[in-house]
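Noted in TrEMBL for the protein shown:
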DOMAIN    30-471  domain 'Major facilitator superfamily (MFS) profile'
TRANSMEM  28-51  transmembrane segment
TRANSMEM  63-83  transmembrane segment
TRANSMEM  95-113  transmembrane segment
TRANSMEM  125-142  transmembrane segment
TRANSMEM  154-178  transmembrane segment
TRANSMEM  184-204  transmembrane segment
TRANSMEM  264-289  transmembrane segment
TRANSMEM  301-321  transmembrane segment
TRANSMEM  356-375  transmembrane segment
TRANSMEM  381-402  transmembrane segment
TRANSMEM  423-440  transmembrane segment
TRANSMEM  446-469  transmembrane segment
Amino acid sequence: MWKSGSLSLPPAETQIERYSVFTGAEKWCIVAMVSCAAWFSTVSSFIYYPAIQLLSESLGVSVGRVNLTVTAYMAVATVAPTLLGDTADVLGRRLAYVVSLGLYVVASVGIALSHSYAALLGLRALQALAISGTFSVAYGVVTDIATPAERGSFVSAVAFAITIAPSLGPILGGVLSYAAGWPWIFWFLVIASGLCLAAMVLFLPETCIHIVGNGSIRPPKLLRLPVPRLMRHWCDTDIVQVPKWRIPNPLSRSITILSRRDNACVILACGLLYVVYVCITASLSLLFIDMYALNQWQAGLIYLPFGVGGTVSTFISARLLDRAYRAARTERGLQTDKVAGDDLDAFDVEKARLRVIWIPMLLTTCSVVAFGWALDRRAHIAVPLILQFVAGLCMQLDFSIYNTLLVDKNHRTPAAAQASSNLVRCTLAAIAVSFLQNLLDATGTGWTFTLMGGLCLVAVGFFVVDYHLGTVWRQRSLELSCRH
């Protein structure tokens, strides 16, 4: 039983072990802060694209060399979350956020003041190293404070922040670079991330269960809030919990997570789905400019339907996931407690989460193929925009279901699990994007996106395998780890 601290608990014989002592309002405040930090991990990439031509002219280098900074950012962003995710699982969420956001602010200031290509290249890599892992830590925080019965709502909130960035990023970047020059893209990031960092320093409590349990264990002084008694559920007389810290080993942890067959199955499925997502976003502006004679400003706006669809999905996925989970527990005669939580190791969480993914995945496949052929046949611009909205909505539903399942499968190391997933999906996406233009030139838009629809069907196959075999594989892996 967790230490109660200053909480007033019922007698021992009726006492219920709370999964988290944070109140509902406190949980939403915490999730709002970590979602804000996760937003920067995505927007930092997309806000940069409209300024590539301006950077080329300002620094006196070719567009190809500026594009190398994009490649460098993506390469570092592929690997960096494994380091931050494992660090957050070991040393605490609060420390990971303060260090990462602090480095990000410094890197953004450096870019805004830079006048050389070398500085831009190095500082963009530092930016990616600092911020790209914050989304994985956000899922770790959700797992710390939210029971499986309510987790879908909080995962959807994090997903909302990440999903809206690809739509807002290019628009913000275009407006700022047009109105004030490209350095103001990074001054905006400095101001916004600085405010987020200040909020976290003042108000984000430590939530890592290895350090504070359910929030009632007194954390080490370094991890406490500077504001007395804010979100505090322990007493000054409580003994400080000394966590069993170790040196973070992200590579070993990632290999361990990926070596589990059930994890590998769903992570590969997500990787294929992410390939389709990235290929759509990477080709949108070029395809629409070429086929519908749009200018740069109009081309930026065509990202909106995809982002709006993803945003709408976050309001659907929360209830969908939580209701499906409760229904699965009820069908098996099990209780669903939003206070105490559930034993996920013994429960077939794969069936509870994946039972609602089939229709969104089918609609994703159909909308992606239809989108490609609408462009190929040069249909009225409204047609591909509507199909883009449907694809964005359904794909974000798929990602929300997947992310919730992944943290449930790996509820002891959720941040490291998300980082491992990022490693696979970004690697696959980088390979796919490098061949995308050649594929479009060789086969045409319609057949390219038909192939993308085929990748969605392969992803469905992986999800089907995990639905039927994932629970057995996961429980066998847990038994083997316990023996060792």
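Just so it is clear, glycine is given a Cβ too, placed from its N, Cα and C backbone atoms.
Within the same chain, the transmembrane segment (125-142) packs against the transmembrane segment (28-51): three or more Cβ pairs sit under 8 Å, each pair at least 6 residues apart. Across the candidate stretches 63-83, 301-321, 381-402, 423-440, the maximum count of CB pairs under 8 A to the transmembrane segment (356-375) is reached by 381-402. Panel annotation: around the transmembrane segment (184-204), residues 29-30, 33-34, 36-37, 40, 44, 47-48, 51, 93-94, 97-98, 101-102, 104-105, 108-109, 111-112, 131, 172-173, 176-177, 225-227, 230-231 of the same chain, lying at least six beyond its termini, place a Cβ under 8 Å from a Cβ of the stretch. Sequence-distant contacts of the transmembrane segment (154-178) (same chain, six or more residues past either end, CB-CB distance under 8 Å): 27-28, 31-32, 34-36, 38-39, 41-43, 45-51, 54, 135, 138-139, 142, 145-146, 184-185, 188, 281, 285, 296-297, 300-301, 303-304, 306-308, 310-311, 313-315, 317-318, 321, 392, 396, 399-400, 403-404, 407.
If you take every residue in the domain 'Major facilitator superfamily (MFS) profile' (30-471) and average the pLDDT, you get 84. Between the transmembrane segment (423-440) and the stretches 63-83, 95-113, 446-469, it is 63-83 that has the most C-beta pairs under 8 angstroms.
Long-range Cβ contacts of the transmembrane segment (95-113) within its own chain (Cβ-Cβ under 8 Å, at least 6 residues beyond either end) map to 34, 37, 40, 44, 84, 87-88, 119-120, 123-124, 126-127, 129-131, 133-134, 137, 183-184, 186-187, 189-190, 193-194, 196-197, 200-201, 204, 222-223.
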